[in-house]
Amino acid sequence: MQKDTIKIAIAGPRGRMGSEAVKLVEDTAHFELVGAIDRTYNREKLSDVMTSSSDAVIYTDITECFSETSPDVLIDLTTPEIGKLHTKIALEHGVRPVVGTTGFSESDLNELMELTDEKGIGAIIAPNFALGAVLMMKFSQMAANYFTDVEIIEQHHDQKLDAPSGTALKTAEMISAVREAKTQGHPDEKEILPGARGADQNGIRLHSVRLPGLIAHQEVMFGGDGQTLKIRHDSYNRASFMSGVKLAVEQVMKIDQLVYGLENIIE
């Protein structure tokens, strides 16, 4: 289903990502911001509590927001646990979720897949909304057909709660789909300090860096005989994610199943 104007509710509008999403919706002619979900400021106008031109009302109860504003889409940019809860509630109310939080397990995704099938509406969960990061993952999967030794180094700001990042895990998953699991490095290698070689997913080593001054960065490093290949993406501000959010909102109106990963809607 495609509508001329897409009515949107945003969860977490005052956060760093959420405030960018508010700007995106306000600046997009065929988007309409009809409500927001926040922990505080119940029933106040968004424009009264943050820099915004919107008169959309803030709700601390997500079900009240849905019943009173009837959004088509929920953009959720909160935390992993809240994001999981909001996604389920949205689907139960016939609202299509576009979710930028990570931490969804395979069982979580299976449950949500059943719910989208039952409701006949779409949902998009994306570990990363930056289109460049999505292309990095796709290019890395292509490269893994030719280079089987690979490690992933992801770097994020020091307020990020999960490690490794959802993008790193998704990248490793995509590489594993075309590469047999293998043990990398010397078979007798020993970690002098536990964890020095990073986390292990199907033989792929994942390394996480957390420092102030960073936003979101990832390098996928492949090694072969006499050569290396590095595929890197850097997000220098959170505006870099908004083109992917816009694409996801538009695409979620056209699908009737759960899509995990923005790479699955990029042709």
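Just so it is clear, glycine is given a Cβ too, placed from its N, Cα and C backbone atoms.
Feature annotations, courtesy of Swiss-Prot:
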ACT_SITE  His156  active site, proton donor/acceptor
ACT_SITE  Lys160  active site, proton donor
BINDING   Gly12, Pro13, Arg14, Gly15, Arg16, Met17, Gly100, Thr101, Thr102, Ala126, Pro127, Asn128, Phe129  NAD(+) binding site
BINDING   His157, Gly166, Thr167  (S)-2,3,4,5-tetrahydrodipicolinate binding site
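Feature map: Swiss-Prot annotations on the structure.
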| residue | record | DSSP class |
| --- | --- | --- |
| Gly12 | NAD(+) binding site | coil |
| Gly100 | NAD(+) binding site | coil |
| Pro127 | NAD(+) binding site | coil |
| His156 | active site, proton donor/acceptor | strand |
| Gly166 | (S)-2,3,4,5-tetrahydrodipicolinate binding site | helix |
*Among all the protein chains here, how many other CB atoms are within 10 A of the CB of His157 ((S)-2,3,4,5-tetrahydrodipicolinate binding site)?*
14
*Euclidean distance between Cα atoms of Pro127 (NAD(+) binding site) and Thr167 ((S)-2,3,4,5-tetrahydrodipicolinate binding site), Å*: 5
_I'd like to know which of the binding-site residues Arg14, Arg16 has the most other Cβ atoms within 10 Å of its Cβ._
Arg14
*Out of the recorded positions His156, His157, Lys160, Gly166, give me the one sitting nearest to Thr102 (NAD(+) binding site) by CA distance.*
Gly166
*Can you figure out which of His156, His157, Lys160, Gly166 (the recorded positions) comes closest in space to Pro127 (NAD(+) binding site), comparing Cα atoms?*
Gly166
*List the Cα distance (Å, whole number) between Phe129 (NAD(+) binding site) and Gly166 ((S)-2,3,4,5-tetrahydrodipicolinate binding site).*
11
